[in-house]
Amino acid sequence: MAIELAAPRAGSPGAAAPALALLANAFVWGLSWWPLRELQALGLHPLWATVAVYGSVVLAISAWRPSAWRELLRTPVLWVLVAAAGTTNATFNWGVTVGDVVRVVLLFYLMPLWTVLLARLLLNERLTRAAALRVAMALAGAAVVLWPEGGGLPLPRTLPEWLGIAGGFSFALNNVMLRREAQRPQSARALAMFLGGVVVAGPLAAVLAAHGAVPMPPAPAPGWIAGVLLLAVFFLGGNLALQYGAARLPANATAVVMITEVLFASVSAALLGAAAITLPLLAGGALIVGAALLAAR
């Protein structure tokens, strides 16, 4: 008989371990752009890299907990998690590999905006004035980040920008579903999340490759295979940490802790020359991060 643990309140002693777990996941994701770019330099497009990395983890989970497949196949709602996690990984990995890292991550972290709406729809969390303020701040921040230098509407104009926004929405749905399905076995939830990376990125990569939009994967070589396996280990650890934390903290608190990914990504990208830090980017980023921090109140 499964027992669902009550989620600790943000700031309580019981919330420390889940918060640290989410912090570890944010660190992995914040620095993930670098190995993904290294794999691309070896000829492996980020969509194919997502398939290879997450496919490796699916094989590991299948060998470790074959019962996870039974739970997944008999629980239709977990396939929402498959779709959400798969879209998150495909869009985020692709976006940070081909675009400005900080810009993509900031747009990805419009997540608190989507979390407010999804938590209302799926978790019946009340929409308060404070939540409305967070939505307004996040939208204002996005407008500043996206505002074109020559004027015009502040809308996404490049593929990486659209990928960042789509990934943020999917990640918000991913976290809300983890909270909603916290009573499911951890192995089944992990399988759903990693399987999503294969079933979303795989067909997308195949269709784009058939039309010449992305290259086919290169021939097997020790360099990129070793990189894929190492990244699989880190992604498995990070996603298990995400499951642990997101299942034990309120959805909005999860969004706040995860915003530290912006710090990890920004510092690493600035040091390695993978981002252009401008005043509008800083101003818009401050509004987006501020909206996330208000969710802790």
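Every residue, even glycine, has its Cβ placed from backbone N, Cα and C.
Per TrEMBL, the features are as follows:
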- 12-34: transmembrane segment (TRANSMEM)
- 19-146: domain 'EamA' (DOMAIN)
- 46-64: transmembrane segment (TRANSMEM)
- 76-95: transmembrane segment (TRANSMEM)
- 101-123: transmembrane segment (TRANSMEM)
- 130-147: transmembrane segment (TRANSMEM)
- 159-178: transmembrane segment (TRANSMEM)
- 190-211: transmembrane segment (TRANSMEM)
- 223-242: transmembrane segment (TRANSMEM)
- 249-271: transmembrane segment (TRANSMEM)
- 277-296: transmembrane segment (TRANSMEM)
Tertiary contacts of the transmembrane segment (190-211), as residues 6+ beyond its ends and Cβ separation under 8 Å: 45, 47-48, 50-51, 53-55, 57-58, 61-62, 65, 68-69, 72, 78-79, 81-90, 93, 174, 236, 239-240, 243
Recorded stretches the transmembrane segment (249-271) and the transmembrane segment (130-147) touching, at least 3 CB pairs under 8 Å: no
Top partner of the transmembrane segment (159-178) among 46-64, 76-95, 101-123, 130-147, 223-242 - counted as Cβ pairs under 8 Å: 101-123
Listed stretch, out of 46-64, 101-123, 130-147, 223-242, 277-296, that has the most CB pairs under 8 angstroms to the transmembrane segment (12-34): 223-242
Candidate ranges 46-64, 76-95, 101-123 - greatest C-beta contact count to the transmembrane segment (277-296) (under 8 angstroms): 101-123
The transmembrane segment (130-147) in contact with the transmembrane segment (223-242), cutoff 8 A, at least 3 CB pairs, sep 6+: no
